[in-house]
């Protein structure tokens, strides 16, 4: 595995760091999405990442082993309690982590913040995240989009992951797409198979467009 460069290519126009929150249930593919985004964007943008786990720093370890970013650019946060509390009701532990990473890497273009696995009601505090991406997976059943909840209805981008599993779990992707449109209105969504990189480019395009990132 080739280690990523410690000093990525720089943008010609400097903008304030964009904070991108990635949330979703346990096992939906949040860490995989973060890994794919880091690997695809690290040569263009200066990236740092913060992961949340309740009692461990497992996601930080996984990203480091995968070579998503240099080890010093990934920070693990142990929340010690409900994951949604650390990203919304009392986001102080993550706000402090963001400040620490930006003090180390003041030229960072994007700060990714991955929440711990949580339910459909989890949302990011606007003080912590500029853009929110919520990840669900097909294996949870085709009914998930119509269950609603802030993660489904209010996130800036909904990612419906593991589309390759639809035939195995009896999920109809057309039904999921229809229900998603009903629940989200004009808010965008992307269907992905992250292991095959399907849909990753669409997520990146969304981040660049909505985050006003120009190279």
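Yeah, the Cβs are placed from backbone N, Cα and C, and that goes for glycine too.
Remember, it's a predicted structure, so these values are computed and weren't measured experimentally.
Now, the feature entries from Swiss-Prot:
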- 1-21: region 'Disordered' (REGION)
- 24, 25, 26, 27, 28, 29, 30, 31: GTP binding site (BINDING)
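Note: the GTP site is recorded as 24, 25, 26, 27, 28, 29, 30, 31; in the same chain, 117, 135, 137, 161 also have Cβ atoms within 8 Å of that site's Cβ centroid. Counting other Cβ atoms within 10 Å of each Cβ, the lowest count among the binding-site residues 24, 25, 27 belongs to 27. Take the CB of residue 31 (GTP binding site) and look out to 10 A: across all protein chains shown you find 23 other CB atoms.
Cβ neighbour count for residue 30 (GTP binding site): 28 (other Cβ atoms within 10 Å of its Cβ, all protein chains included). A 10 Å cutoff on Cβ-Cβ distances gives residue 26 (GTP binding site) a total of 10 other Cβ atoms nearby, all chains included.
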